[in-house]
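Asker: Residues or ranges marked as transmembrane segment by TrEMBL: B:12-32, B:39-56, B:68-97, B:109-132, B:144-165, B:303-321, B:333-354, B:389-410, B:422-440, B:446-469, B:490-511, B:517-536.
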Amino acid sequence: MHRRVRRWSGGLAAALFLVSVSLLTAEPLLLAATAIPLIYVAYGALSRVPAGTDLQAARSVSDAQPTPGEPVEIELTLTNTGSGSLTDVRVIDGVPEELAVVDGSPRLCTSLRPNESATLSYAVMAKRGSYTFDAAAVRVRTLSASDEVTVDLPVAGDGTLTCSNTVSEVPMADATLPRAGTLPTDTGGSGLEFHSTRSYQPGDPVNRIDWRRYAKTDELTTIDYREEQAVRTVLVVDARPPARVTPEPGFPTGAELSAYAAERLFDALSRTSVVASVCAVGLAESDVPGGLGPDGLAWVDASGGHAAAHARQVFDSVGRAAARQSEADAAGDADVSGTKSRQPPGDDTQVTTADGGTVDDPDLLAVLARLPPTAQVVVFSPAADDWPVSLVSSLAVRDYPTTLVSPSLARGDSLGAAVAGVERTARLQRAELSGATVIDWDLDSPIDVALRASLADLFSV
Amino acid sequence: MDDNTTLSTRMPWTSLATVVGVTALLVAALLGTVSADRAALVGAATGVLLALSLWLSGWDRWRAVGTVLASILSLPVAVGLSVASAGAVVSLGAELFPVSSQTGIRPAVVTLLSQVFVVLGCLTAVFGASAATHGVVDTDRVGTYGGVVVRTTVVPFAVALALFARGAVDYLQSNAGTPGVQQLLGEALTQVLGPVFDPVPGRTHIAIFSLLLALAAAALARGIDSLPLAELVPETSEAPDIKGPLAAAERTLRWTGRLALLVAPVAGLFELGLGQESVAELLPRVLYDLIVAVTAAPGLRGLLWWLFLGATAVSLAVWFLRRTVQSSADRVGTVLAPYVGGGVITLAAVAVAGPAVGAIETALRATPAAAAVEQFLVPILDVYGAETVTLVLIVLALFAVISATGQLWIALVTSYLRERTAGVTLAAAGLFGASAFAATLDTPTWLVLAGLVGAVVVWDAGSFGTTLGREVGTGAATRRTELVHTGGTVAVGGVGAAATLGLSGIAQGSIVVEPSVAVAGLVVCLVAVLALVAAIR
């Protein structure tokens, strides 16, 4: 697109002003000085963008498949392949709207001689999903800035950034269990570890008859082994509005990180034949395809068909809810500094305290009501408020083996971040005191490391 | 590339440094050519203060504090503006006049006006460059600042008006015996105010007394009604019930007022129609004496008058408090701040009135207007006092600030000044005008040409930087392009300056036309400038 900018027209008025003052004061120098504004008018009128202008752009992405929350370096190189010098070249890289630039600027203004290149580098915060970069917007101006050409320049090189949850490495790949279940019980039956012997009863498997004893005493006895049952594992993702906090704009929210950690664990558990259910708390009806259950929970049972696909839908729903919240915040011009938790207006604030003893939070009651009688529970929450502690305490009271995986959101040295960090640490300590295993996931280390620790604890491998 | 991005519209550092640096250098050099040093320095400082005031009036973080400071700063801005314009005229008038011959008057006037325009141009340039650093010249902010100055002016204006009225009344009453208009006015005032506050003793004044009583009773009833007395008493069984007595008192006062209002015309008719003798005959002696004693007592009337004033003040205060408690503290602070600033300005003016007026008088006596000082200023000071005169001068100076702000606002609203580049446009216009007028003084040619080219460079660097900041943002590396662009503009200016020097030899002596032709040409040029500016916009 070519455009003329009439920015030097004021020179005519300036020239007339000089003529006026010259006449008023009979000063001939001012009459001659009209040459100055007039020459600028001519300068603006005669300047044109040269016809043979040609530019090429190439983009490189440092890590095309990063993990969420990881900054990705991007470089865009612009080369003047035309024959003339370009004094004013402005370029804006086509960063996908969803990705936030966290370092540097995707914009550049420079001057380029023929065959000279300029590189702009910046970093975006990786988010879950696949994103395609647009063409770079380039504007070339003349030296007088009175003539400009704007084009969308196709960019060679990397054009996509994919941040997926494909499990490249199963966290517990070396712990494939050749057993029916992983939880040792105190009852005898089939298994590996010796438990007791008892009198033979008709129907007992032949391979469990103690033949040596029969040879010695001529009595049929049956050996019982310690039974290992498969227990259900329920992954509870805290996606309530207070958990949708983010330390910096563009950074994944606490709810998204929780969902990510839960998804990694779900994938790992699926491969180790552990029966896992997924539950997301605090989603809106519109966030989940097919809507929520009657109790307001997004619950995927392991026993249902296509459990993995449904679970993935629930994890995606958490991302949608976080995106909806950030849009609402942007509309309301909300301040997103620090990691201070925010309650949306109208939100039910009846959150029980960890030591309150009474449970009147509807989400918490719904989770407790829905849990199967024997289950291990892994709660994923940034612990931005007391809700996860209340849940963990309530589960401990009901003898559920519980683990709390909490992504640490505190970043920066601001006072708000420090206060939020102290509050979170106190909550995690309270959760630990109530009997739960607490995994404090520092975002600088991969979630797999934290999950290995949690899996080792969980399944006593 | 979208022009309507949400990036900061601040210009990059290199452009900003060019604008500020070139402006500062040229202003320093141009002000050096002006002989009114003090006015020049004050003018430059006023430019910075005006930009600071604009920034303060839009300070979102501490809105109330910013408004108070902007309000208080309007005094130095007003004084600075007056010193830079009127002060420069006075100072140069004392220096350039009297002239030795009649032919010397025109050059002296041209020199005086040129120097004043140079000072005002530099003031504008400093203001524009200072404002450009934070982009504070926009319609909303200028409108807000104008509102702040208007509300600030209200207090000194009201006080000055009151002092002026008091001085006028005192003067007229003191001159009631002298012939002329003053006598007539003085007598009229005495006739109006005398019966109200200083009644003739020994006769009845029922009508006027009733009117005063009605006014006082109505105001008192309203005052009691507005006060939250009943709400302040604790709601316990032991607490006295004051609602009933309060209602009774209010009712009594209202009825007293109505009755007094009814009595006033009837009594007036009797007093005027029948005369005092008939009234004395109609009434029993004791009653008549009592009425005379009550209605003609100046003390009682004074009491009624002050009751009226007090009750009205209470009603207004309660109304104001009821309004303010419903608003946020910041909002209340923002609304009240200019009045507080106006109060501070008034107190400051009263405090420095004597020395200030003395300094003005001394400065004026050194000018050709010394005779006028003796003829007008001294009698005015005698009648109204230094405080009133100082306040009136301050109010006039504040009006000048309001006028300048209003013109700026109109220029912004009508898009003659674009918000994005308003600061640099003002800076460039100020420098250009100052350089042009400096050419008529004993300024070196190189400085005039540097001023003209520098003005263009300031505007160009500023507007280019603003566009750059909008399109690319201040976070990107843009220095190289800015330097290349500014270098091009300076080079073209150099060619223009060289052409000027070449042409000036040819133009020497070209303006030897008759003054009438020159004036006609001037008018044509001015009309052409206006038409061209309108066409460009």
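The backbone N, Cα and C atoms fix where each Cβ goes, and this holds for glycine too.
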Asker: Of the stretches B:68-97, B:109-132, B:303-321, B:389-410, B:422-440, which racks up the most C-beta pairs under 8 Å with the transmembrane segment (B:144-165)?
Answerer: B:389-410
Asker: Please work out which recorded stretch in B:39-56, B:68-97, B:303-321, B:333-354 has the most C-beta pairs separated by under 8 angstroms from the transmembrane segment (B:389-410)?
Answerer: B:68-97
Asker: Could you check whether the transmembrane segment (B:12-32) packs against the transmembrane segment (B:333-354) - three or more CB pairs closer than 8 Å, residues at least 6 apart in sequence?
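Answerer: Contact between the transmembrane segment (B:12-32) and the transmembrane segment (B:333-354): absent.
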Asker: Check the transmembrane segment (B:333-354) against the transmembrane segment (B:68-97) for contact, please; criterion is three or more CB pairs under 8 Å, pairs 6 or more apart in sequence.
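Answerer: Touching, yes - the transmembrane segment (B:333-354) and the transmembrane segment (B:68-97) meet the threshold of 3 or more Cβ pairs under 8 Å.
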